[in-house]
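Notes to accompany the following structure.
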Amino acid sequence: MTPGGPVVRPRRLRRTAALRELVAETTLAPRQLVLPVFVREGATEPVPIGSMPGVVQHSRDSLRRAAAEAAELGLGGLMLFGIPETKDAVGSGGCAPDGILNVAIADVAAEVGDALPVMADLCLDEFTDHGHCGVLAPDGSVDNDATLAVYADMAVAQAAAGVDVVGPSGMMDGQVAAIRSALDAAGHQDVAILAYSTKYASAFYGPFREAVDSSLKGDRRTYQQDGRNRIEGVREALLDVEQGADLVMVKPALAYLDVLREVRDAVDVPVAAYNISGEYSMVEAAAERGWIDREAAILETLTSIRRAGADVVLTYWAAEAAGLLRR
Ligand code: PBG
């Protein structure tokens, strides 16, 4: 021993890979990962998304194959987003039984049955010609209460199509209560709600807007949260639990890991975090340039989100990460 050397040596437990496994505090498993997927009305084959290398807008057929693969990999679920051929002011395509998202839910449910939780984004932004998450009042503002009625209809349409979990992401006040009561009134007591509770207005959604052919001009700052607010983030999650959310979400993940931890400590339901498009694309772009080790960066990213407190991680790498974790 070096005379006068340290007695306490944390390095002892880092000496071999097996010792490191013994004391690892955080797990990362395929069952904790949910894969967000895009399905495009009228597509006959997958359409690549330029700003998200490796992610596509699926055709109905390729979506079914992706769902079967996800079930095979033991993922925690799929989160479906629909891209309609036509949009209108009230987002009718979101509620129509033959709207792309609803038919995709039915397709996937038929493909995987109960083997894989089928989740769907419950929001109007993909379906409105103005690109906002709700319907507009005459003065152009997003009309909270009028939007709740549309979300209620959309929830019932998704439930009728066979969804297991609806994911309201529009940040309207009272959306979880409105959706819960509409689902219950229609006999869908067993459809769960994964509430995008703590959702910040973020520059990191950029690539997603291309992924869904968003028509948005401007921003969502009158309904999504201000990134400076931590206490409010916890409050939004508590409000959604009170209204009946079965799971709550923090989004984005990486720039909000502190909020994620606080939400995890504050609620008694499972907490999800969404590793969003911009967070994905930054890693992909840096890896493409040879600046980082891609696979290691993916696993480190997902592990950090789990460590911060996410029980469930939504990530575009879900299928690939499941493969990496099996090795
Ligand atoms: C809204 C919604 C958004 C995302 C998921 N649901 C975009 C937004 O709020 O502008 C973003 C997901 C991502 O960036 O990966 N329906």
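In case you wondered, yes, glycine gets a Cβ from its N, Cα and C as well.
Automatic, uncurated: that is what TrEMBL annotation is.
What TrEMBL says about this one:
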{"type": "ACT_SITE", "residues": "Lys199", "note": "active site, schiff-base intermediate with substrate"}
{"type": "BINDING", "residues": "Arg209, Arg220", "note": "5-aminolevulinate 1 binding site"}
{"type": "BINDING", "residues": "Glu236", "note": "Mg(2+) binding site"}
{"type": "ACT_SITE", "residues": "Lys251", "note": "active site, schiff-base intermediate with substrate"}
{"type": "BINDING", "residues": "Ser277, Tyr316", "note": "5-aminolevulinate 2 binding site"}
Neighbourhood of ligand 1 - recorded positions from Lys199, Glu236, Lys251, Ser277, Tyr316 with Cβ under 6 Å: Ser277
Cβ neighbour count (within 10 Å, all chains shown) around the residue listed as 'Mg(2+) binding site': 24
Inter-residue Cα distance where the pair is Ser277 (5-aminolevulinate 2 binding site) and Arg209 (5-aminolevulinate 1 binding site), in Å: 9
Of Arg220, Lys251 (the recorded positions), the residue whose Cβ has the fewest other Cβ atoms within 10 Å: Arg220
Least buried by Cβ count (within 10 Å) of the recorded positions Lys199, Arg209: Arg209
Candidates Arg220, Glu236, Lys251, Ser277, Tyr316 (recorded positions) with Cα within 10 Å of Lys199 (active site, schiff-base intermediate with substrate): Glu236, Lys251
Collapsed DSSP category at Arg220 (5-aminolevulinate 1 binding site): coil
Cβ packing number for Tyr316 (5-aminolevulinate 2 binding site), 10 Å threshold: 26
Neighbour count (Cβ, 10 Å) for Ser277 (5-aminolevulinate 2 binding site): 25
Using Cα positions only, nearest of the recorded positions to Glu236 (Mg(2+) binding site) (Arg220, Lys251, Ser277, Tyr316): Lys251
